[in-house]
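According to Swiss-Prot, the features are:
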- H58: O2 binding site (BINDING)
- H87: heme b binding site (BINDING)
- 1-141: domain 'Globin' (DOMAIN)
Amino acid sequence: VLSPADKNNVKSAWNAIGSHAGEHGAEALERMFLSFPPTKTYFPHFDLSHGSAQIKTHGKKVADALTNAVNHIDDMPGALSALSDLHAHKLRVDPVNFKLLSHCLLVTLASHHPAEFTPAVHASLDKFFAAVSTVLTSKYR
């Protein structure tokens with residue numbers, strides 16, 4: 001459960017990320033594909049080379065979904081319902097992949113925003129990404 005302090009930390013961090021969210025999303029995807037090669041199996045139709053347009057486009061989709069979650073932090077299940085349906089019923093993404101991407105997002109954000117990435121912000125973002133992952137996997141049951 002995100003505390004009021006966690007919610008403030010997440011919102012502040014996301015504001016600091018600002019217009020770079022899409023770039024960071026793409027970098028996190030690349031990082032995930034390189035660090036966890038089995039995750040590539042969900043993207044057989046993508047050009048997975050560094051800087052590909054498809055990775056950039058999907059990175060922006062990831063970032064936009066996270067921005068939506070931040071903007072609806074008190075109702076993430078409602079805000080992410082359609083995305084949860086998509087990943088559970090159509091794409092059938094293994095839930096462990098959300099944890100892997102969350103880790104790669106944390107690493108990417110920490111590398112680009114070291115001043116903002118305090119231990120408290122790190123913990124809050126980790127809890128936030130876990131909450132988003134829980135929502136996205138909620139319809140698997």
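We count from 1, first residue shown onward.
Cβ atoms are placed via backbone N, Cα and C, with glycine included.
Here the structure is a predicted model, which means the values were calculated and not measured.
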Roughly how many Å lie between the Cα atoms of the residue listed as 'heme b binding site' and H58 (O2 binding site), rounded to a whole value? 14
Do you know which of the binding-site residues H58, H87 has the most other C-beta atoms within 10 angstroms of its C-beta? H87
If I take every residue in the domain 'Globin' (1-141) and average their pLDDT values, what number comes out? 94
Summarise the domain 'Globin' (1-141) as counts of helix, strand and coil residues per DSSP. 110 helix, 0 strand, 31 coil
